[in-house]
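Enquirer: Handing you this structure, nothing more for now.
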Amino acid sequence: MEIAYPVGLVVVAAAIIIGFTALVREKDDLQRILLVDLAEVLGLVLIALVATDLAEALILPGLVVGISELLAVSEVYIAREGLKEPTGPAFRLEVMESAPGILALILVAHGIILSGFTGGAIAAVGAVFYFMCRGHNEQFELIETVSGYAWAIWIAAFLIFMFLPQYWFFGVMMAGGAILVKVMAKMSLVGTMRRGGPDV
Amino acid sequence: MTPEFILGCIILIIGVIAAGFPREKTYLARLIHLEIPGFGLLLIMLAYDEMLALLTFIGVTAISTFVLVRVIERKEAAE
């Protein structure tokens, strides 16, 4: 196992050189955004080579920061180039009419069983898929309110850890459930950004 | 040096070359090529038993594909 780390480092170094050469030689801005996504993968490989729990603890926030950075950069690009939504008849797929119900149900149920941050992310992917395929007309104030209460419960769970450590299991359950709802509420907003209406 | 690790390294290098210098330089071709180094990363995570990171990477990749496709379809509609 000792030889794997230097070999991995050499491979990643070669990959980084190739990737950044492509990035430097690229003139088109949107192609550059795509290559930045590639650079993110290379950074994650570098962290994954650490091969301990520390690697996992570093990869999770890296992924979250990466996706939010990608969202922000793509929004800036759309605003700067003044790109409009494509006109004409919307893209229709039969599977996008029938699949969302059952697939979203499975993903949300699996997320609730997992609980915690990862569970929230999995459940949110189900919600994102449902919103993208079926459209949405829900009240954003409601999602924000639920998310706010979840955050308060999460903080309360930490207060239990600090002042009533003998009830730690109750605190774990509160924190796990609250972060599930919180992450899911935030990430499901991503699903509403496509086309912005119920007529997907 | 498990087989997953070696395979992951090979796929990573191939994928970086494919995504960096694709034969057809369209946006969609490059987006599809980006999946290849992602698979290399998944195999390396698998070799080190990083289950949580692996599952989260799959979920986040799905969302980032949606985000990039949204930009690409607007860009191509404008051209």
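Using the three backbone atoms N, Cα and C, a Cβ is placed for every residue, glycine included.
Quick paste of what TrEMBL says about this protein:
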{"type": "TRANSMEM", "residues": "A:7-24", "note": "transmembrane segment"}
{"type": "TRANSMEM", "residues": "A:30-51", "note": "transmembrane segment"}
{"type": "TRANSMEM", "residues": "A:58-79", "note": "transmembrane segment"}
{"type": "TRANSMEM", "residues": "A:99-130", "note": "transmembrane segment"}
{"type": "TRANSMEM", "residues": "A:142-161", "note": "transmembrane segment"}
{"type": "TRANSMEM", "residues": "A:167-185", "note": "transmembrane segment"}
Enquirer: Apart from its near flanks, which chain residues at least 6 from the ends of the transmembrane segment (A:167-185) lie with a Cβ under 8 angstroms of it?
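Expert: Contacts of the transmembrane segment (A:167-185) (Cβ under 8 Å, skipping residues fewer than 6 from its ends): 111-112, 115-117, 119-121, 123-124, 127, 143-144, 146-147, 150-151, 153-154, 156-158, 160-161.
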Enquirer: So which residues does the transmembrane segment (A:7-24) touch in its own chain, when a touch means Cβ under 8 Å and the partner is 6 or more beyond its ends?
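Expert: Sequence-distant neighbours of the transmembrane segment (A:7-24): 32, 35-36, 38-39, 42, 45-46, 49.
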